[in-house]
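**Q** Copying in the features that Swiss-Prot gives for the protein in this structure:
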type     : residues                                         : note
DOMAIN   : 145-597                                          : domain 'Protein kinase'
BINDING  : 151, 152, 153, 154, 155, 156, 157, 158, 159, 181 : ATP binding site
ACT_SITE : 268                                              : active site, proton acceptor
């Protein structure tokens, strides 16, 4: 062998010795012994044949056999003892490492368990506190109901789960469950009376929650309402499919249509005030604490405007009424256990809506693989940063803006502007933010549109400004400055803006948030990159030109056929619900007649829209032909039985005393 080969073999031997010694945790001793071995071998011979034999010796020495032992070499007893020592101590090192890992895992598990137990104890403390407060405030409750647990709480009230004491002997599935809403003593009596009036006169039908009875003891009031199991909107809004979203919105609009027939504005339509059971499909609109009635002249009737005669009429109707029994077949114990289980699951995790908007649901994994395989941590970080940049663009507001003085009336004769601003931030329409006094039921329609926007975009909450000025800026950043300026002018208001803002396309905005990983895939980014590695950006929406969100974009856009699960009519309904001008905004009754709620609009992912429309048209033609043949052979009785349905009217009445409630519920 020449000198180069000898040097190469020596370098490999030194590296192998070091790695072997490090792996056994005995680098110091083994390195010293190896140096001694090198000295002895170098003095043994200097010819090339001797070097070759020495290299072969070291190579054979560090090759383990299948049995875990090392090959024996004559004249190397000292090194063989070291090999046996290393092999004996290797299992000991591995065992110590495993013990340390088990100890660390045990410590982490104990910390996690202690955190869960602390949260459970805190929940139990709040539960016991709510039960004790209800029992002390209204002692009559203990004579009628078995109160189990707290199922909800708010600023003005606490809701608890209860069952009738006289039904203790029944099977658990046959016991009726009730939601006991205990109003805080700080709650204004007019608010309680308004909510009671709405539930008594409006509720009980058309997806609107009703009331069984009302119990009053001194200054404390409790509403007894039917109980329904429901899912948290935050847990299901990204996993709902197209039929479920359509049914959800249909039920919401049915409830709003019924409420608006009584010239009542709910004013607090939001997901937390909607009880929706995904398994059963049941739906209820609740919480009428902010509801307001519209007068004949179009103005909103304030609570203080109610005359004593109207108040006496309401109380008289409540006093003369009788209770209504509502049956339900769910188990109270099962519902309480499910509720506590959901609370524990929520305590274990969470996750922000921005992160979920970037990562997407599991179903998008196939699209991600088609777009270009797996993403690195850097790609995910870039996607999140881009999504946050878009959110900041939508929620941009000047830091110098005064949140308390941003609306100016064009009529200088009016010194002050008095308008109702009740509602939840993020769901208030432009007319409320502009403090327009003559508000209508279009306020609730806008809130329904915001809920639909969250369902289609997969982003909740979509609007989250801390004050009215920021909320109006969010609306301007999405719908442009000109529609808001025109609406403000029609409402006798004036808006001053520092710059113009273009209108964004609602469909592309929803697609951008719902399928963020697809539009931000590295392969698509490289597809539209310039030679210098940069990407052309749109100056208006601050997005890449291939993913421009402007409504009248002239850029070369990336196509998304087969990616969107919603038809075009869904975004048409969304634009009508979110009409900036309240006078042009669609009503709940008109929205129910929209083609979006027709069964013919079904979208299959992966198939272009024009092919799906052709298939749906052919299927519709075949179904119409079959129905025509079937009806031509129908007799009159069978046709009547198919079209006519029996209608039974159950009058809704109420009782106001605890004794009557105990005997009539």
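Along the chain as shown, residues are numbered 1 onward.
Just so it is clear, glycine is given a Cβ too, placed from its N, Cα and C backbone atoms.
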**Q** In whole Å, note down how far the CA of residue 151 (ATP binding site) lies from the CA of residue 268 (active site, proton acceptor).
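**A** Rounded to the nearest whole number, the Cα-Cα distance is 20 Å.
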**Q** Largest pairwise Cα distance, Å, within the listed ATP binders 151, 152, 153, 154, 155, 156, 157, 158, 159, 181?
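**A** Pairwise Cα check on 151, 152, 153, 154, 155, 156, 157, 158, 159, 181 gives a maximum of 15 Å.
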**Q** Please average pLDDT over the domain 'Protein kinase' (145-597) for the predicted structure.
**A** 78
**Q** Within 10 Å of the Cβ of residue 157 (ATP binding site), how many other Cβ atoms are there?
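**A** Cβ-Cβ neighbours of residue 157 (ATP binding site) within 10 Å number 20.
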**Q** Using DSSP and three states only, what is residue 157 (ATP binding site)?
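**A** Going by the DSSP assignment, residue 157 (ATP binding site) falls within a strand, counted as strand.
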**Q** Among 151, 159, the binding-site residues in question, whose Cβ has the most other Cβ atoms within 10 Å in this structure?
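**A** The residue with the most neighbouring Cβ atoms within 10 Å is 151.
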**Q** Given the binding-site residues 153, 155, which one is most crowded in terms of C-beta atoms within 10 angstroms?
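**A** When each Cβ's neighbours within 10 Å are tallied, 153 tops the list.
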